[in-house]
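Here is the structure we will look at.
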Amino acid sequence: MFQEYDVIVVGGGHAGCEAAAAAANMGSKVLLATMNMNTIAQMSCNPAMGGVAKGQIVREIDALGGYSGIISDKSMIQFRMLNKSKGPAMWSPRSQNDRMKFAEEWRLQLERIPNVDFWQEMVNGLVVENNKVTGIQTGMGLTIKAKSVVLTNGTFLNGLIHIGEKQFGGGRSAERASKGITEQLVQLGFEAGRMKTGTPPRVDGRSLDYSKMEEQKGDELPEKFSFSNETSPLKEQRSCYITYTNPTVHEILETGFEKSPMFNGRIKGLGPRYCPSIEDKINRFAERDRHQIFVEPEGWNTVEIYVNGFSTSLPEEVQYKALKQIQGFENVKMFRPGYAIEYDFFPPTQLNITLETKLIENLYFAGQINGTTGYEEAACQGLMAGINAHLKINHQEPFILSRSQAYIGVLIDDLINKGTEEPYRMFTSRAEHRILLRQDNADIRLSPLGHAIGLASEERLRKAEEKQKHIDQIVNDLKSLKVKPTQINDELKNYKSAPIKETTAAYNILKRPEITFNELKMLEKELGNYISQYEPSILEASEISIKYESYIEKEHQLAEKMNNLEDLKIGEGLDFSLIPALSAEAKEKFKKIKPKTLGQASRISGVSPADISILMVYLGR
Ligand code: FAD
């Protein structure tokens, strides 16, 4: 019934969809085997994409030729660029999405790729011969052969759902847990762990009183994620609303603490510190008498509302009673209670930088199975695993992104070298070169790389090259376009700009922190006409490269220094125990992680600069 596939992707979540699409678009024959085809690309938690550092990842996926950006654009109901008041390294695109449309658009996208076949069934084992994966086994007893397998099981491996004192098996609300894979992998020698996450209740929007809440509109000039021409910004947007918990809400929630699986020890897995449940927030920040709640619509054509900030696994009647005390929620009707879920993951230090496992050849892990949390984190791993699975079976060089090239590089490097004790999510602070890894330049950074491996289209490459050309041109032209002092003084007095005594290049005026292209436009008719001919995205990127020129230059130099360490290769069979001066911890970590370069060795947690110096000397440097 089945041919031998090049790549089988197990799981149709965010990681699985990107993995299947990437491998197939590069030419592999792909089978997407997933438990339920109706839940392909289901957003398990909030109906939103992007946000701080995550928005940068979506743009990176897009620039490389993945689909998360396009699908987000097609299903968007609101767009905001977060952190606009901070420096450009922090600007982060975020969309509110129509949950049903997001899933529908992903499925349609996958169905448009001729190389993707689908099979709906639970996969409960792998076929492994001589430490090499050669296929999968399904619940109905089928064996399907493949040259490589990408596991993207999300929160489903031995998933256990908790609501108050009730607990039952499940991978997500109303979905079965996956059994068999963890047990087999542990038998093969893998180490497994347990994590937990949670989600808030969903309520009926018709039962809320929005007049008692603060409206949060989308940006006046909404942008989009994708650099391609396939999508356009929204013309109409839906608003979100903000309200707050209060001491009465907290008191009611506290009555459920005794039955809370979080506090009575029933939940063993570690949860995301940065995305705590409401009971956690009340417990940890007892001094605060209110917490913010974002009231987020689930789509264009539904009344369902996601209560962001109210993630909980307390008994459902406690959730309901507490919700009713929130301003604007007095008559609330609950559609679905919040819940917590515990699931198995595999510490990612068991992976190579390609996301291939060290123990079993041609087996890749991507997404929540690696201890991460978030759609964007999962999607980018799926993309990289799909790309590398395809390249490996075609005997091509692996595709690796460095920490100075992409957030995706930071994420994978962190995972495989440091591992993670709690669900890993991306932050801008994790990226040491974040001024280089901006959302505005992801296309310039990555489309040429995506094109070189046969994933990003010719059109994407051309667009990115043209953008760079325009930026160079603008930077150059602004050096010769001049502004006369009188105009500066008259027009810009509202901008607290120091008066300029002599005719000055527009380039130098734009360097002033309070001056943007919008102000520059007002100064001279000629300058205004010149600026108006360019698209906002090109102007934004040019402005950043002028204003932050010296920082960017310094960061490039730093990144180059770091890359020199990456060039220092460590031989495959090096026996670290023969280097007596190394600390015991470094020896143990090196033996386990087997770093391939000095740069990689330097980022392993517990390895000190002294260990690196010793290793450098040993390698003859
Ligand atoms: P998933 O999206 O979970 O997809 C896994 C896919 O694999 C599913 O399609 C499933 O059907 C399929 N599958 C699993 N096992 C098998 C099998 N054996 N055979 C066939 N198919 C299989 N992220 C946040 O960033 N913040 C949050 O607050 C947050 N809260 C969450 C709350 C809950 C209750 C849940 C369930 C998830 C939450 N997440 C949160 C996590 C977010 O949903 C995931 O990070 C993201 O969906 C992971 O993507 P993935 O592709 O790895 O897995």
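Every residue, even glycine, has its Cβ placed from backbone N, Cα and C.
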Task: Residue among Q327, Q350, Q368 sharing the FAD site, where TrEMBL lists G11, G12, G13, H14, A15, G16, V123, S178 as binders - done: Q368
Task: Among G11, G12, G13, H14, A15, G16, V123, S178, Q368, the record's FAD binders - longest CA distance, Å - done: 18
TODO: Rank the binding-site residues S277, N283, Q368 by the number of other Cβ atoms within 10 Å of each Cβ, and give the residue at the low end.
DONE: N283
Task: Cα proximity to R273 (NAD(+) binding site), best match among binding-site residues G11, A15, V123 - done: A15
Open item on the list: At 10 angstroms around each C-beta, which of the binding-site residues G11, G271 has the fewest other C-beta atoms nearby?
Closed with: G271
- [ ] Kindly point out which of the binding-site residues A15, R273, S277, K281, F285 have a C-beta less than 6 Å from some atom of ligand 1.
- [x] A15
Task: Alpha-carbon distance [C275 (NAD(+) binding site); V123 (FAD binding site)] in Å - done: 30
